[in-house]
Amino acid sequence: MKNILVTGGLGFIGSNFVNHISSKYDNVNIYVYDIGDYCASVENVEWNNRTKLIKGDIRNFDLIMHTLTEHEIDTIVHFAAHSHVDNSFKNSLAFTETNVFGTHVLLECSRMYGKLKLFFHMSTDEVYGEIDTTDTSREVSLLCPTNPYAATKAGAEHIVKSYFLSYKLPIIIARCNNVYGRNQYPEKLIPKFICSLLDGKKLHIQGTGNSRRNFIHAIDVADAVDLVINNGVIGETYNIGVTNEHSVLDVAQILCDIAGVNLENQLEYVPDRLFNDFRYNITNDKIKSLGWEQSRKDFKKELVELFDWYKVNRHRYNIPGSQ
């Protein structure tokens, strides 16, 4: 790994990965490829002389080919995607165009380029679909996505895997829990609740608020991706998951405690999603076999730190109605 292209590198998970790699390796050139969408920010990246920004769309075949050849890219780490489930119900075609077609463009450019050592594709645990309270999803489990976002991620995975089987393109796929941490645009649950509390607004609870998610810190994800890139087996898929399951109401309670306000006074119940998976639960023994361990285990402590971070840094995001 000498010249690495990180798609979506101005976004949430992408920027955390860029900052991790930049601080850990002093001999890696990082090319941040990003369209600069509403949820991205140049302030998310800790820039230095080894990190360079290329503004572009992953559907732009010519620009991707030029970037690969001009910078002698040996590794692609593909984070770029539309990822907000609520938006996928409203504009599903845009999700297909970027998440499926955009990924296909990257793969075809990689095949034609012919010098790539690794194409890493970040996916989500949502591709497994909803499971009950006793089940877990392994890497070989059936994919059964239930919303347009998850369906596009599953579709992209199938194309990625086909390029490994058909063209021997060196690929690795990872599926991740719900990620939280710095640099996340406040449309997702945790930063949205934090910013609402900071602005004195109600916390909007979809449905009953009883749906559950496992939350993993972005720093743990960056470390896991780094490990998989360097030690993972080509052609394999790895779950990146933890046991840190909380309901939406649990998260609201923790954040209200941090803000020093009464939970019941802050809640406003709104209609649920068209389909809202109750829970996901993935195994992590495969990635643990590579030596990965979760480091950010104290969820409440991390949320206190994150609350303070958004107090100072939410200005970088154009949040409607924010003070």
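Residue numbers in this text run from 1 along the chain shown.
Using the three backbone atoms N, Cα and C, a Cβ is placed for every residue, glycine included.
Residues annotated as active site, proton donor in Swiss-Prot: Asp125. Swiss-Prot lists Glu126, Tyr149 with the feature active site, proton acceptor, giving similarity to another entry as the kind of evidence. According to Swiss-Prot, the substrate binding site annotation covers Thr124, on the basis of similarity to another entry.
The two recorded residues, Asp125 (active site, proton donor) and Tyr149 (active site, proton acceptor), have Cα atoms 12 Å apart. The secondary structure of the residue listed as 'active site, proton donor', as reduced to three states from DSSP, is helical.
Taken residue by residue with DSSP, Tyr149 (active site, proton acceptor) is part of a helix.
Over all protein chains present, the Cβ of Thr124 (substrate binding site) has 24 other Cβ atoms lying within 10 Å. Neighbour density for the residue listed as 'active site, proton donor': within 10 A of its CB lie 24 other CB atoms from the protein chains shown.
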